[in-house]
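A quick write-up on the structure given underneath.
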């Protein structure tokens, strides 16, 4: 039926809450988060309708706690924060299920600044109803409403008395509203002052809405002053949630200072003589960055002002050291430093002629062995005459010659591992053919003895 809800999951042995309690907790948390962050809840229409179907389809729960969760969740669905820029805004009225309502009138009976108990900033007025869109429209906000957070109080009045028996309108409805706008930043300047007389050593104008490349220099006996003004579209002073000045040393050590205000004027004065220990006696270049931010400020600033060269005294022996800077966890995935190997210079080799002469002396015993065999006379009487044994005998001698040739290649070209690999294949081959020819010779010898 399109109903939506959140179910509980049993974790670490906690008691199972059930979908009604869990869904109510989720909606209550979303509403509280929206109230803290001054943002809209922004639940899609179909999702809000599905949640409303779930709570309305439960009928009357079995205990008082579930009944409270049901009513509280429906109230959370009804109340939704709205944010408006200066100008007109629209108010829509519908039932929990999103259906149309009968003819009625919406009145703005009061508007109060958030956190203030002062009198209402507006007089009671009726919103205009647009039949085409079905919305109640307030064309212009009163001049008393400026940039900031407010609580608007609305009252809904049915035109027909008999409708009061069908629809319950409740009492006055309080809606938190955040009015946003563009804040003017004026009279921005930064200056270096003498510590004793307070006279201006150097002063420069700032354009906080544009780019700045201010370059200043100071020593530990001087001060740095930054000042600016913030005004709303109606010309009133504006106090943002955040106003910070950040100084970042070239060694990545950062210092953050809160910019105070007195009326329209925002000003901060840094006395470097009292800050040398906080700055860890680090002289050099400091980048300056100004942060001005607020939920109602549409042009919040995070602007780099420039830099200042500080000449601080030498650090004493027991002075505090700068804290170690955090290591970027993603730096290990970056390119590594190139590794340069320094290889040992090759040893000096003997002349080529001497190497060839040594090779000739190494081969002389082999030649002597062959000549000796010829001189003594080689007996080939036992060489097999049958085709198969003769083939194995030839292959055996060819294998022996291949091993001798492999030794030659080992001295000339191959390394030890290549030689051992080839020698392994030749060894298996020689074992096979040698076993066959020796078996033949043994069988022939046995026949001669028996004859």
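Here the Cβ of each residue, glycine as well, is placed from N, Cα and C on the backbone.
Features reported for this protein in TrEMBL:
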DOMAIN    6-78  domain 'Ribophorin II N-terminal'
DOMAIN    88-179  domain 'Ribophorin II second'
DOMAIN    187-310  domain 'Ribophorin II third'
DOMAIN    343-443  domain 'Ribophorin II C-terminal'
TRANSMEM  354-378  transmembrane segment
TRANSMEM  390-410  transmembrane segment
TRANSMEM  422-443  transmembrane segment
- Sort out the residues at least 6 away from either end of the transmembrane segment (422-443), same chain, that have Cβ-Cβ distances under 8 Å to it, and list them. 382, 384, 389, 392-393, 395-396, 399-400, 402-403, 406, 414
- Excluding the flanking five residues on each side, which residues at least 6 beyond the ends of the transmembrane segment (354-378) place their CB within less than 8 Å of a CB in that stretch? 404, 411
- Task: Could you tell me how many residues in the domain 'Ribophorin II third' (187-310) are helical, how many are strand and how many are coil under DSSP?
- Result: 4 helix, 75 strand, 45 coil
- Message: Could you give me three numbers for the domain 'Ribophorin II second' (88-179), the DSSP helix, strand and coil residue counts?
- Response: 5 helix, 40 strand, 47 coil
